[in-house]
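Colleague: Submitted below is the structure of interest, expressed as structure tokens.
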Amino acid sequence: MSAIFNFQSLLTVILLLICTCAYIRSLAPSLLDKNKSGLLGIFWKCARIGERKSPYVAVCCVVMAFSILFMQ
């Protein structure tokens, strides 16, 4: 089943996108900072969410990991 139609898979993809963008921005900030608008601006926005809401994103990742490992 596609991640678009399964809510848990969609949340997993969004969390992975946020975490990956925040990690890439911590390694090479200029890579994401030059595209703040347009289609590629989504990655910059995900990186900002990952930086500013870091504790909440971490808790969501842990909860998602436990739900995938133990509830399926």
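Just so you know, glycine gets a Cβ as well, placed from its N, Cα and C.
Sharing the features that Swiss-Prot gives for it:
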SIGNAL    1-26  signal peptide
TOPO_DOM  27-53  topological domain 'Extracellular'
CARBOHYD  Asn35  N-linked glycosylation site
TRANSMEM  54-71  transmembrane segment
Colleague: Mean pLDDT, the topological domain 'Extracellular' (27-53)?
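Modeller: Computed over the topological domain 'Extracellular' (27-53), the mean pLDDT is 89 on the 0 to 100 scale.
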Colleague: Return the count of C-beta atoms lying within 10 angstroms of the C-beta of the residue listed as 'N-linked glycosylation site', excluding that atom itself.
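Modeller: Cβ-Cβ neighbours of the residue listed as 'N-linked glycosylation site' within 10 Å number 13.
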Colleague: Checking distant contacts: for the topological domain 'Extracellular' (27-53), what same-chain residues at least six beyond its ends satisfy Cβ-Cβ under 8 A?
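Modeller: Long-range Cβ neighbours of the topological domain 'Extracellular' (27-53): 17-21.
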Colleague: What is the number of residues in the topological domain 'Extracellular' (27-53) that are helix, strand and coil, as DSSP sees it?
Modeller: 18 helix, 0 strand, 9 coil
